[in-house]
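Let me begin by presenting the structure, written as C-alpha cells, before commenting on it.
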Amino acid sequence: MFSVRIETLGCRLNHVESESLAALFLQEGFAVCRGNTSTAPVVLCVINTCTVTSKAEQKARRLVRLLLRTYPTAIALVTGCYAQLEPASLEAMDDRVLAFPGKQKDALSLLPSCLRALLVQRGPAPIDQYVCGMRALLASLKKKIISLELTSEFPSQTHMPTRNALPQLTGVPHAPRVSVSSFSEPTAVPRFALYAPRFLFHSRASIKVQDGCNSGCAFCRIRFARGRAVSLETHEVIGRVQALEARGMSEVVLTGVNLSQYRSGSIDFAGLLELIVQETHTIHIRISSLYPESVTSAFLRAIAHTRVSPHFHLSVQSGSDRVLRRMRRAYTRADIYQAVSDLRSVREEPFLGCDIIVGFPGETEEDFADTQRMCKTLRFAGIHVFPFSARPGTEAFAMDAKVPQRIAGERVAAMQQLAEKNYRAYLEYWNGRELCAVVEQSVARVLTENYLSLPIIERGGVAASAGSHVRIRVHNEGAILL
C-alpha cells in the first residue's frame with residue numbers, strides 16, 4: 001500500500017481539517033504519516049497552509065520544496081488559505097505542485113476514495129504510472145470543484161458524490177484506466193464535510209463548528225481566504241460531540257475562525273455551549289479562541305459549568321484604543337478589561353491567553369506601553385505575540401507610519417519576557433493544587449483543564465493512555481498522577 005504524508009501549518013482549524021483527511025485516508029487503506037516516518041512509498045504530500053503572515057507563507061514554500069526533494073515521484077497537494085489566495089505562485093514552483101483552493105477544502109473529503117478507486121484499477125502498473133494518473137485525477141477534481149458553489153448544508157450520504165461520480169481521466173499517457181462517469185454531482189460543495197471521528201496526530205478531539213468571518217479588520221486577509229461566516233447546524237455539532245463521547249473521548253475543542261459569529265437559526269455560540277452541556281454527560285469542552293464581545297451574560301452562564309474548561313484565549317491584538325480603531329476592531333480597551341473581569345467572576349483563576357500584534361502602522365511607544373500595561377494588569381498567562389506583517393489586499397498594507405522592523409522586534413522581545421513572567425506566576429498559583437487533565441499523545445505529559453502543559457513526574461501506579469482523563473497534583477513544574 002502507498003503512503004500519504006500530511007503536514008499542517010497555521011491555526012487549529014487547519015489541524016482539525018488535516019486530522020479529518022488523515023482519518024479518511026486511513027479508512028481507505030492508505031498509510032498516513034507526519035514527518036519522515038513512512039515505510040511505504042509516499043505518493044502524495046498534502047500541505048495545509050496559512051497566510052496570516054509572510055513568514056507563514058515562506059515556511060509553506062520551504063516545506064513544499066523539502067517534500068519535493070524528499071519524494072521525487074510524489075505529488076504535492078497544497079491547500080489552505082495560502083493556496084486559496086496565491087495558487088499560481090505555488091504551482092509555478094514545480095510541475096508536481098497542485099494548489100487546491102482553501103474555500104473548497106471540504107471537497108477533499110472525496111479524495112481518499114477517489115485515489116483508492118484509482119489504485120484498485122491500476123493493477124500492477126509501476127508507481128510512476130499511478131502518480132501520473134493521480135495527478136490527472138487531482139487536476140480534474142479541482143477543475144470541477146472550483147466551479148461549484150459553497151453551501152453550509154451538512155453533507156448527507158445522499159448529497160455527497162460517490163466513487164461513481166469521479167472525474168474521467170482522459171489524455172493521460174500510460175495512465176491506468178479508471179472506468180468512472182463525469183463529475184456531474186453535486187451542485188454545491190458541502191461545508192464541514194471534513195470531520196474526524198478519530199485523531200491520528202492529537203490526543204484531544206476537535207470539531208470545527210464555524211468557518212469564515214464577516215468582520216473587516218484592517219490587517220487580516222483570512223476573510224478573503226475562507227469567505228463569509230458559516231456555521232455547522234446545532235444538531236450536527238451535538239451529534240458529533242455525542243459520538244466522540246460514546247467513543248470514550250474525554251475532551252473536545254470547539255473551534256472556528258470567529259466563534260462570536262456562530263449562528264444556527266436563533267442559536268448563538270453561548271446557546272450552543274448550553275445545549276452541548278445539556279445533551280452530553282462526561283466529555284469536557286474547551287473553547288479555542290474568543291473575541292471580547294463574545295463574553296456576554298449568556299456566555300458566562302454557559303461556562304460556569306464545570307465541564308467547560310477554564311481556559312479562554314482572547315483575540316485582543318492591542319491595548320491601545322487608538323491602535324484598535326486603526327485595526328478596525330469592534331471593541332475598546334475597556335471592553336477587554338470588562339471581559340477579563342467577567343471571566344474571572346465565574347471561574348477561579350482561569351488560564352487567560354491573548355493574541356498581540358506589535359509594530360502595527362502608527363503604533364507609538366505610548367501605544368505599546370498601553371498594551372504592556374494591559375497584559376501585565378490583566379495577568380494574561382499566555383501571550384501569543386508577533387510583529388505586524390503587511391498582507392496584500394488589506395487596508396493596513398497601504399497604511400503610512402510604518403514601524404521599523406528593529407523596533408517591532410524589540411517590542412516582541414519585551415512582550416515575550418512579560419509572557420514568561422506571567423506564566424511563571426500563574427504556574428506558581430496552582431502549585432500544590434489538584435486539577436483534571438488529559439494525557440498528551442506522548443503519554444509523558446498532561447494538559448490540565450486550565451491549559452498547563454506539564455511533564456508527568458510521578459505516576460503512582462496510575463495507568464494513563466493518550467487521551468484519557470486523569471486527576472493530577474501540580475508539583476513545581478510537573479504533574480503527579482493521583
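Note that Cβ sites are derived from N, Cα and C of the backbone, with glycine treated the same way.
Binding of [4Fe-4S] cluster 1 is annotated in Swiss-Prot for C50, C81; the matching candidate from C11, C132, C213 at the same site is C11.
Each residue in L9, G10, L13, N14, T49, T51, V52, A56, G80, Y82, I222, A225 lies on the same chain as C11, C50, C81 and has a C-beta within 8 Å of the C-beta centroid of that [4Fe-4S] cluster 1 site, without being one of the site residues. Cα spacing between C11 ([4Fe-4S] cluster 1 binding site) and C220 ([4Fe-4S] cluster 2 binding site): 14 Å, rounded to the nearest whole number. Here the CA atom of C81 ([4Fe-4S] cluster 1 binding site) lies 12 Å from the CA atom of C220 ([4Fe-4S] cluster 2 binding site). When the domain 'MTTase N-terminal' (2-120) is classified with DSSP, helix, strand and coil residues number 62 helix, 26 strand, 31 coil.
Reported as a whole number, the C-alpha separation between C81 ([4Fe-4S] cluster 1 binding site) and C217 ([4Fe-4S] cluster 2 binding site) equals 17 Å. Comparing local CB density within 10 A for the binding-site residues C50, C81, C217, C220, the maximum falls on C81. Apart from the site residues C213, C217, C220, the chain places the Cβ of S215, G216, F219, R221, I222, R223, N258 no farther than 8 Å from the centroid of the site's Cβ atoms, the recorded [4Fe-4S] cluster 2 location.
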